[in-house]
Structure formats: C-alpha cells, structure tokens
C-alpha cells in the first residue's frame, strides 16, 4: 500500500503486477507497537491504527448522519482478513461501530451544552442488530426470533425492504448501546454454537436509528432522521475455489448465495453507470434486499475491502480487489430525510385508515382479484395486516414521549442487566466455564457458573447448564464442586463425548484452572477456578494463555499429529493450520452423519504434491468419505469438503427444527456422499526414465500406491528412444547424457497394462505430465479388470535436447496418476439394517491397526480408560501416512539403486564392446600382415583398460 494505491504481486510470477486505486489504502498487518493497555499504535507512518481508519471513514459517516442522510458502511473480504476487527475491534482497539456510537452521544451532549437553540431539541437514538445466516434472519436482541425460518423480510411502499418484528431498542447513552451490542453478540455466540454454525459464514447488520426533533426558523416542529447501517459481511471465499460447477453448484449450500447476489447487484449497478439498461437483482437474496438503499438508493455508502497479505490467498485477495474496484464506480442518490413532525403523523394516520378499509373490504368479500389464487390473496392480506400493525406502532411511538419509550425499554432490559452483572460479579469467586470460539470477537461471551454442589450438563431443561448441538446427550455430564476446593467432572455415560486438554475421558476427573474442555463435537470451554488460579500465582507458576487455535492444536497433537512449530518449514506450518481448521469440521460431519443416520464415515487424508502430479509443493489436507454400506470411498479436496460441511449443517438444522422435508433438502447424494460413478484417484506410480538419457530402452511393472501408501495394483510400462525421423534407436547408446544435448531426439512412453486393481472399480484410465511440461496426457477410459490393457502410447519430441531435460531425466520421475470409477455395488443387506453408530463400531473392530491407548492424567492419581474412536482413526491415518512416505522413499531408493546398477552394467557393456572392437581390429591387422600369433603385451593392455 502506498498513498491510495494498492499493489498485488503474483507469488508464482505467472501474472504481472496489478495496481488498484481507491480513496484510501491502509496497511495494518505489521509496523505497530502494543501499549500496556493492549492498544496497537503505529511504529512509523506505514501502519494505520483504528483511530486513523475512523478519522478517515467513520467521521464522514457521522457527519452525514447529523445532516439527515442515511449512511451505510460495510466490510467485504475473505475470512480472517480483518473485517470484524475493522468494524467491531478487539478490547481497547475499538472498531468503527463502537467509536461511531460513542462519538454520536458525545456530539449530542456537546450540542445540548453549547447551543441554546439545541437545548429544546430532542435527540432519539435506537439500535437494532440482526444476523443473516443461510438466508435466515435472526434478531440478535430477541432470542425468541431464533425460531424455525427466522423473521420475514417485507417491503414498504415508501421505505423499501424491512425485517418484520425486528426489535429496535431505544438507548440514552453509549453505555446502553454498548450493552445492547454485547447482548446481541452473546446471543449470536449461543445461536452459532447450538446450531453448529460458523460466525464467518454469517452477515451481521447493526442499524442505528438517529432522529433529531427541533423547530425550524419558522417555529415549525421538524424531524430529521438518519439510519446508519454498519454491516459486517460473511467471508467472501470464492465459490469456484470449492471446485463446484454446474449442477453441483446449484446443489451446494446457500451460505454463499447472498454474497454471489451482492456481486451480481454490484456488477449490474456498475453497468448502469456505463449507460447499460439492466435491472438490478435485489430480490435474489435477503442481504441485497436489505442493502438496496445502501447500494443504489437513498444512502451515502462506504465500503471497506479487507485483504490478506498471505501469498497463498493471492486469488481471493485479487478477487476482493476487483470487487471493490467495480463497486467504487457506483453512485448513490442520497437525500436529507427531513419532514414536519405533524405531517409525518398525518401521513401515518392516512395510511392506517387506508389499510383498515382495504382489510375490511377483503373480509367482506368485496374485493375479487382476477388471476390471483386464494393463497396469494391470503398472503396479500397478511402483508397488509403487518403494514397496518407496523404503522400503528410507529404512530404510537411518535405520540409517545421519548422519555416514556426509554423508561419502558429500561424496565425491559433491567432484569437482563441485573442477571448479567450478578454473573460477572460471581465469576470473580465462583468457578465457571467460558467459551472459546474461532472468532475472537465471540470468545468469552458465554459464561456458565459451577457453584458449590452439583451442576448437571445436558441438552434440555432441567439441566443446570443447557448445551445444544451435536453429540450432546440429555444427561451428558456432571460437575461436582466441593466448597470451591476440589472440583470434578464426571461423564454421565459411556456415550458422553468429553475431551479435557485434548484427551478423551470416560471416568471422573479433577478439574484444574485453565483446563480446556470439549463437550460433544463443538462446545469448547475453558474452566476458570479462581481459588486454584490464586494458588498457582502464589506458587510462581506461569498461567498459559488459551485461544481457540491453541486448544485445537492440543487436540490434534493428542491424536498423533506433530503440531510442534519449532524448526518447521513454511509449508509444514500451513499444513498445521489446515489441520486445525479441518479436524473439528470432520468431527462435526461424522456427528451429523451419526445423528441423521447417513451411514457415512469421514477421515482426514494427506495428499503429497507428488501424488497430485507435482514435483514439489505443499502436502494438501483432503477428506476421505466412505460409504459404510458397500465400502466405496471418495476423496474430496479441502474446499469442496468445507462447502459440503456447511451444506450438511443446513440439512441438520432443518432436522433439529423438525422440518418434515429435511431429508429432501439435499438432492441425490450431495452433500453427504457421491454417486458411485464419481471419478476417484486410485493411486500414483513413479516412472524413472534415467535410462532414456543413455538411449536405452526400459520396461517395468510399477506399484500403484494410494495416498495411504498401500499397493492398489501394478502398471506395466515401457519407454523407448526414437530418432528425429521416428525410427526406434537400437544399440545407439551414449556414455554420458551430455552427448545428447543439441540433438533432435524423440521419446515414447507406453502404458501397456494396469493389473490387479481391486474389484470395486469398473472403469480405469491414467494421466501424467511429461518432464518439464504442464500439459496432462490422458489415456482413454477403459473397462477395469485384473488385466486392463491400455496401450496408451505417447511420443514426446525434444527438438533439440536441452541440458535441463537431461537433468530432469537423471533426477525426476514421471508421476503417473491412475483414476477410476467405482461399481455401483449393492449395499450389504446386513449393514443396511444397522445404524450409523453400529456401523462405526463395526468399522473400529475390523481395523488392521490399533493405536496404543494413552491414559489421561488424573490429579486424584487414578487413570481413566481410553476408548477413543476418533483418536484411533486419526492415528491410523498418521501411521498410514508414515507408511506411505516410507514406501515412497523405498520405491525411490530402489529405483535409484536399480538405475545405478543399470548405469554400471551399461558402462561395463560399453567398455567390453570397445575392448572387443580393439581386439577384433588387432586380429584383422595380424591376418593382414600374415602373423599367426598376437603379442601378449598389447592384448593385456586392452583388457586392463
């Protein structure tokens, strides 16, 4: 970033540097110092802190609100790029939303103190907070709205789209609005955890309604209104990064739908600015409906594009920049919202009267609309009733004094505030649990006290602590508190899934301060023990800082993964980050499969770059899906699985809400499985072509190995050198590969057969990239058998041969991928009648490798059993990956050894050939001279050399 220009460079060097110009370009990645209070202040001129961003953007929003304009500010960008940090902030680093609210009330107080005319003015501020997740609207200030289907979005003739029954809370100062936002954030956290949702996939809109009532110069009472929309959008991961296209994209989750529609609206508005006659598809999603004014209507709008500087996010960052570049061309038409107060009331009364008459006529049957079905008429009637109700409420509020409204809201909120204050005071002395969330803004927002006595944990009342979601049982666990001294956690049964500090427990265990506890699949908490914490401080112990990532690393480490970062390469650390993200998702997918009885098992699969046909690169985290009824397996890429996992959540949520059509939500096998005809990679094999560098033929049977390192079959392959004219080179050996440099040579690879594949495959083919080429060479698809004849011949021209190619021949193999399609195997009748839970237990019992069980350290000096299916699965994977790497090393070692032996044999053969030629020459020369014998010394010299 430099001035107002943002420059992006392709880390692979494939594309030229690109520059984008905006009103402001901020760098907030590094170049700061952390003060004692935690605020991040600039260490030089490069870093833009929160105050700088507000001065440039937030102040303008606030000034326009005072003038009576509607204002909107929304943050767009991929997950983890800093959208929420910019909008909300963290601890002392307050974002635009809290600073705007704080400055608004400061401005009100200043006007009341400094301007006599303003003393009689009335300033009304109210706030609403909603979340859009999966095209469902939830009022974060009203938990009763967290119902099936959420709140409805309707359209008002003058005011546009609005959310029906959305609570708008009056506030009198910054503390009030801060408390409302905190309440909304807590409710958001609970909702996200209970429905297994991810905050990064939800949009949050905080709307501040600001009204100024004062007399104008003519003494007439005027009302100036402004709505400030502050929007934190969901992560903008590109849909095509999941690999979903065509019908698959249509079948995919609706989580990205709103962002796709937002992009379509931005494009259409930009096209309109260029003079094109095109309609804007606001109605395609709830988000775009609610943002209609912000995008192209009555509003002054600011957009923040949040970027990630990481080179692995180049594509997403470029996509965000292009989105912002298109958006900057849009022009809105904002007007001052000012009207006489009595006129607003009169118009409201007229509208109420009109709606009442219309409803009365409909009720008497006087209105008949041709071509409209009774259902549509009923829907129109309901909409009119809602408009009537809303207008009546607004008129009642206008007739009511502002102080009366504030007092009503204060009474409603006081009980909630008293409960929260009591809880915050109690946490100082009473042991309790506080939540961890992948979104730092939501960490610590949920608190469960565990006072002396017994606290029960379950998914329904009358449990002391109610947790809802996957793998939470009705009676899940019990916490026993012995006078705030010794505290124990006890599972309520063998099916209660509990992890403490990454290790599964099945027996009573003592809890200590800062223990990390996982209830079920996604309820992650930290145990806070005030008395134990004080004791540890007194003993001089350092209390570690716990975060969501550190807790997930701990779980991964206890399941066999090496999460130690010391001495790790950049690629290894990125792999660790992917594992931290994917592992809880795989656990959730398995829990959903078990809950919905989908008879599917999901496991992590690590795919090396070589197995993907690359010479080097990162090991990728993928997910293997297995049908438990017939054994067919599929491997999904990381992004494809993530998209599927969120689609699974949609289905699960409908199931929880007792929607009768929950099982019809997904079409066919998506998202839980694939059709058996899905293309899968069976394995890879390594063809070393070193002999071709010496113009020698080669023929071999290569092992086809899966990503686990197991042998899946054999490939019969041969390679031959050819002349420029296409003639097979026989007995044209060279002593050194360098002799071929500059010559025109052709090489042919023939994949003859694929042998001994498992019977479950009915189609098979192969593909590979020849050395120094990025082009895939793909064979035809043939029927699979024990002896599948491919005869896939491919000629490669090297005109001329280069030293680089010879180096590749010497050092790099040709990686051949073997792909196939699985047979539509009939389900095992015995397995079909079993539940997913029973099938998973059966899967455990037939595992060929069982990981050593690890005890859980109990502070009461007894050990708990280890019955960890998940640990066994992941450890099996870990061992399989180790076996795969070992097998690959052995293959490479064997090939290198064979190549060396082959080289030695070739050199020996060439030497013998030359000696034979010399001896033959000496014999011919002796014959020509008429000598009957050869001298021994010359013959001896030839043989020695």
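Every residue, even glycine, has its Cβ placed from backbone N, Cα and C.
Annotated features in TrEMBL:
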type	residues	note
DOMAIN	1-330	domain 'Kinesin motor'
BINDING	77, 78, 79, 80, 81, 82, 83, 84	ATP binding site
COILED	341-401	coiled coil
COILED	884-929	coiled coil
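Features recorded in TrEMBL, as mapped to the structure shown.
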residue: 77; record: ATP binding site; Cβ neighbours (10 Å): 24
residue: 78; record: ATP binding site; Cβ neighbours (10 Å): 23
residue: 79; record: ATP binding site; Cβ neighbours (10 Å): 21
residue: 80; record: ATP binding site; Cβ neighbours (10 Å): 17
residue: 81; record: ATP binding site; Cβ neighbours (10 Å): 23
residue: 82; record: ATP binding site; Cβ neighbours (10 Å): 18
residue: 83; record: ATP binding site; Cβ neighbours (10 Å): 26
residue: 84; record: ATP binding site; Cβ neighbours (10 Å): 24
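Confidence across the coiled coil (884-929), taken as the mean pLDDT and rounded to a whole number, stands at 62.
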